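Before any comments, here is the structure.
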Amino acid sequence: MDSTTLAAFATATTVALATQSDMSGYMWLLILGFIIAFVLAFSVGANDVANSFGTAVGSGVVTLRQACILATVFETVGSVLLGAKVSETIRNGIIDVQMYNGSEHVLMAGSVSAMFGSAVWQLSASFLKLPISGTHCIVGATIGFSMVARGHQGVRWMELLRIVASWFLSPILSGIMSAILFYFVRRFILNKEDPVPSGLRALPIFYAITMGVNLFSILFTGAPLLGLDRVPWWGTLCISVGCALLTALIVWFVRPLSYHPQRLWIYKDLLHKLHKAKVGECIGDSDTEERPIRRNNSYTSYTMAIYGIQGDPKYKDVVDGNLQRRSRVESCSSYTSSVTTGSVAQEDVTQVVAVETMKEPTEEEDELELDQPAVFLLFRFLQVLTACFGSFAHGGNDVSNAIGPLVALWLLYESGSVASNSPTPIWLLLYGAVGICTGLWVWGRRVIQTLGKDLTPITPSSGFSIELASALTVVLASNIGLPVSTTHCKVGSVVAVGWLRSRKSVDWHLFRNIFIAWFVTVPISGLISAAIMALFIYIIL
C-alpha cells in the first residue's frame, strides 16, 4: 500500500513538473499579457472611473484634481477588498475552462486576445467621450476568442443570459431607486420655503443610511485580508446598524455647525474667482485654456445662477444681429442671476421677455429646478461621501474587468492546469488598481465631462440621490458576485433624476449615442478578440 502511494505521488509530481516545463516555453505570452492588462486597466480608468466622481465634479462640489485624488484612494482599497470575488465570476463563469485541459497555451492566448479586444474598444469609446461598460467589453471579448478556439460549445450560454439580464436590470433598478430618493428629497426639503431646517433634520438619516448600507456590504463580502470572512452575518448586521446609529448621533449634534450663512459669501467669492480664471484650470482641458466661462453652458449657467455671477457680456446669444432663442435653462439662469444680485438690468429683462414672447402659448412649463445656496452647503459633503463609496464599489466590481483574464493567465502559467483553485493574488489586484488610477489621471476628464455635465445639469441634491442609489446597486451586485455594469447604473440614475427634475434638461441625442454604444460594445470587442485569437491559432502558435 505504501509503495503504491509513493508511486502515485511520484507519477503526479513528474506530470506536474513536465506540465510546468511546457508552460515555461510560453513566458512570452505571460509578459505580453501583463503589458496588455495594464493598457486594459488604463482604459477602464479612463472610462469607467468617471462613473464614480462625474456627478460630483459636474455639480461643483469637488474639482477634477480632488476627484482624482479621492478616486485613487478608494478605487485601490475597493479593488483589494472586494475585487477578488467578482474576478472569480469573470475568470470562470463565462466559458468552460475544462475544455482547454491539455491545451493550456490556447487558453493563455485567449486571455491575451480578450484583454486586447476589450482595451481597444474602451480606448476608442473614451476618445469619443462615450461611457461604456467595461464588463460588456471583457465578456464580449471572452466569448469572441472562445468561439474561435472551441466553437459555441465552449460558452456557458445560461450564465451569459444571466449576466445580460443584469445589464438591463441594473440601469432600470438604479434609475428607479434614484428617482424615488430624489422625489422624497425634493418634496420634503427642496420644495420647502426654507429648506434649511428640513435639510438639517434629514442629514442624520441620510448619513446613517449611507454609512450602514456600505459598511454592511464591506463586512458581508468577507474580505480575507482583514479577517472579515470569519464574522457571521448577524454580527455583520449588528456592527453595521450600530455604526449607522453612531453616525446619526454624531451628525445630529454637529449639524448646527455645518451651516453658517456667512459661508455663502465665501463660496460666492471663490466661484467668482473661478469664473475669472481659465477654464483649463477647472477641468484640465488645454483646448479651452484661453476661453472664459460662457453663459450658454448649462452647468455654468446653473452655478452662476445660484451665486449671482454675471456672465461675460461679449458672449450674447446674437446671430446676425438678431436675438436667438435660449433654452429654458438659460433664460431661467439669466433671470435668477439678475435677481440674486439685486440689480435687474434692462437688457436682461428685455431678453427674458423676448424669450417668453417667442414661446408657443401651448408649450408646457417645465423649468429646471435649482438648489439654493443653503441646500448646496447641506448636500455638498454628503455627495462627496456617497461618491467615495461609489468609487469603493467601482474598485471592487470593475477591477475584475481588467485583471480577470490576467489572473487566469498567471494561474495557468504558475500551475500548468486549467483546474487551479488558487485565490486571486493581492498583488495582481494592486497592479490593476495602479493601471486604473493612471488612466483616470491621464484621460478620465473626457468621460467625466459627458456624465457630469453634458448629459444633464447636476446639483448637489440630485447628485446625492444619483450616487447613493447607484452605489447601493453596484455594491449589492459585488456581494453576490454578479458583474453588473457600473456605467449602466450611473447613466440610468443620471437620466432618471434629470428627467424627474425637467424633461427638457436631458440631452436625449447624447443618451441615444450612449445607448447605441452599449449595444455595439459586446459584438465589437468580441470581433476584435476573435481576430487576434485567429492570428494566434493559425499563424503564431
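Keep in mind that glycine also has a Cβ here, set from the backbone N, Cα and C atoms.
If you check TrEMBL, you get these features:
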- 28-46: transmembrane segment (TRANSMEM)
- 130-148: transmembrane segment (TRANSMEM)
- 160-185: transmembrane segment (TRANSMEM)
- 205-226: transmembrane segment (TRANSMEM)
- 233-254: transmembrane segment (TRANSMEM)
- 426-443: transmembrane segment (TRANSMEM)
- 510-540: transmembrane segment (TRANSMEM)
- Note on the structure: Of the listed stretches 28-46, 130-148, 510-540, the one with the highest count of C-beta pairs below 8 angstroms to the transmembrane segment (426-443) is 28-46
- Task: Count the Cβ pairs between the transmembrane segment (510-540) and the transmembrane segment (130-148) that lie under 8 angstroms and are 6 or more residues apart in sequence, then report whether there are at least 3.
- Result: yes
- Item | Distant-in-sequence neighbours of the transmembrane segment (160-185), which means Cβ under 8 A and at least six residues beyond its ends | 93-94, 133, 135-136, 139, 143, 202, 461-462, 464-466, 468-470, 472-474, 477, 482-485, 488-493, 495-497, 500-501
- Task: Report, as numbers and ranges, every residue of the chain located at least six residues beyond the transmembrane segment (130-148) whose Cβ falls under 8 Å of a Cβ in that stretch; write 'none' if there are none.
- Result: 43-44, 47-48, 50-51, 90, 94-95, 109-110, 113-118, 121-122, 154-155, 160, 163, 167, 397-398, 401-402, 404-405, 447, 450-451, 483-488, 490-491, 513-514, 517-518, 521-530, 532-534, 537
- Query: So which residues does the transmembrane segment (28-46) touch in its own chain, when a touch means Cβ under 8 Å and the partner is 6 or more beyond its ends?
  - Reply: 75, 105, 108-109, 111-112, 115-116, 118-119, 122-123, 126, 134, 398-399, 401-403, 405-406, 409-410, 413, 431-444, 446-447
